[in-house]
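Participant: Take this structure first; my questions come after.
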Amino acid sequence: MNDSLGALIAIVVLWSILRFAFGGGNNNTGSGNAAPALNTARSRQVPQHMVDSVKTLFPHISDASIRYDLQRSGSVEATCERILNEGGLPSPPAGFFGTAEPSTPSNAAALRAQNANRSPNGAASASASSVSTPSKSPNLISRYGLQSRIGQEDVLSTPDSRASTSSQGSPSAWATTPEARAKLLQDRKAQMILEARRKLMERQQSAAKEAAEKASTDSAAAAATS
């Protein structure tokens, strides 16, 4: 009897030791794997031009949410695809960015203005940078097969034409069949991408015009003082 009781106690003690050793090791390993992933997302530097690219396409999304998702995905295209599929982005957790406050649009604009004022060619450089920024947008156009509609979008560039096209493409009633609803959502995504592309091109043209005018003014001022 005593031998059986002693053996039972030994088995229970051994089982407790093994459970503590292997169970605790698994928990530590899981938390250890989660911590490096979070640290990797925090340590990944997101250039401001990536945030500006997504912000131009989806101005209703906050900069903090865009930066948070870009730190996780590392791709402008992946972030845009998530916005199109989910309709938005989650807000970053409290304290995710630490003490370093992400750049706001006003801060980014002030920084670009400072860089432009440092040299006569600064404005042209900033314009070239903004032109090279939307390199991910054509990927979305290719993904949704909108190459054939780019020419039509460029032709219908007047406000009246855009309003007429928008009114024609927005049905008054929600589709009843799943196929019709899927087509309606696809058309809305296409209109959103094309509208974002048009706004981005207008912004680039305006920036290039301002850069050219500033360069011309600086050249005239330099010639007058020499």
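One-based numbering along the chain as shown.
Backbone N, Cα and C atoms are what each Cβ position is placed from, and that goes for glycine too.
Pulled these features from TrEMBL for this protein:
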- 1-23: signal peptide (SIGNAL)
- 46-88: domain 'CUE' (DOMAIN)
- 85-141: region 'Disordered' (REGION)
- 107-139: compositional bias 'Low complexity' (COMPBIAS)
- 153-180: region 'Disordered' (REGION)
- 158-175: compositional bias 'Polar residues' (COMPBIAS)
- 201-226: region 'Disordered' (REGION)
- 217-226: compositional bias 'Low complexity' (COMPBIAS)
Participant: When the region 'Disordered' (201-226) is classified with DSSP, how many of its residues are helical, how many are strand and how many are coil?
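Facilitator: The region 'Disordered' (201-226) comes out at 25 helix, 0 strand, 1 coil.
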Participant: What counts of helix, strand and coil residues does DSSP assign across the domain 'CUE' (46-88)?
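Facilitator: Its residues fall into 32 helix, 0 strand, 11 coil.
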Participant: What is the average pLDDT across the domain 'CUE' (46-88)?
Facilitator: 86
